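The next block holds one structure in the form of structure tokens; read it before the comments.
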């Protein structure tokens, strides 16, 4: 019996009541430290002006939805994965494809560049995280050198190398995160605590950092200690799935994007949410978020095909970018902050290899090129392959809109 270990006059109900009481007291003590709002502190900060932003490069070659992308540390190369089962390494300056790998499954939902730039990792519905070494010989068979590093019991949703090529973090639909040794494939640490699919993770930016943050379908964002495997902080203020999390450049805060159509900023030192980025006109979920190098801007990709740029301090939207023809599934700022790339269900990635002084390398089109208010919106379901309904609970129907085929068909796939 579960109650055999209880003392006299104690019941599970009384213990639960006591736990709730203690939780309430902790919230009261935390509220006492909440003396000022972020936007009040930022009142004296000069407001940001409007940006002039244009697409500089369009990378075409995937035959289906682009699901994930990552920058190489050299600030030039990009790796992307797609529902077509392909993983492509691009030169973002020339838009050339340098490597292409065909995975054993479709829905390659995660990919990452190794810190050295000499390897990539990827995975998806095969439940594995595979590492491929990169060489200068483009004719070499990369699949022959594949190393299967991680094995989960459900789909792989995210992966990220630590500060070396020797360890990799993974997140999965089985509700766990894990740290693996790349060379041996040994599980070094597992992280249990999420109550549903884990959809995203991000490693703390410090070189000596031993924490990472994860988000999932249980609406929780959790901060983990990689050494102990314990959750050290948890935040549960979103009203729907958390699709993306990203650390602030200093590592003292992180942002999250959710299907509840909001992005939120959490201060780890204050242990609370400090800002919400939303507008009444935004009704579609945020699929991906990232900060500018300074941390002043927050870029968020949405399911209505747009990218919104938020002023982190003032909480206001400073720009909205058009150009993609389907939902924006992934976006990342380059390591040096001078380039920005987004991937979409329209099969393309949009990037700017070099930035002008006032153009922070953001994709977008001129006003005359923007879709009108009657532009079709894709409601074909959420990005998780196991989900049978849309985020609003509507049953998925047949595809009502055929997306245009890529203008360029890579010969590497033939």
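Glycine is no exception: its Cβ is also placed from the backbone N, Cα and C atoms.
Sequence annotations record features per position, and here TrEMBL assigns coiled coil to 9-39. Under the heading repeat 'WD', TrEMBL lists 59-91, 149-190, 191-234, 235-276, 288-320, 321-350.
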| field | Long-range neighbours of the repeat 'WD' (59-91), counting only residues six or more past its ends (CB under 8 A) | value | 97-113, 115-117, 120, 122, 124, 132, 134, 158, 326, 329-330, 332-336, 338-339, 341, 343-345, 347-351, 353, 383, 405-410, 413
| remark: Long-range Cβ contacts under 8 Å made by the coiled coil (9-39), restricted to residues 6 or more beyond its ends, are 2-3, 265, 270-272, 274-275, 313-315
| note | For the repeat 'WD' (149-190), the distant same-chain contacts (Cβ-Cβ under 8 Å, at least six residues beyond its ends) come to 68, 107, 109-116, 118-119, 121-131, 196-203, 207, 209, 212, 214, 216, 224, 226-227, 229, 384-386
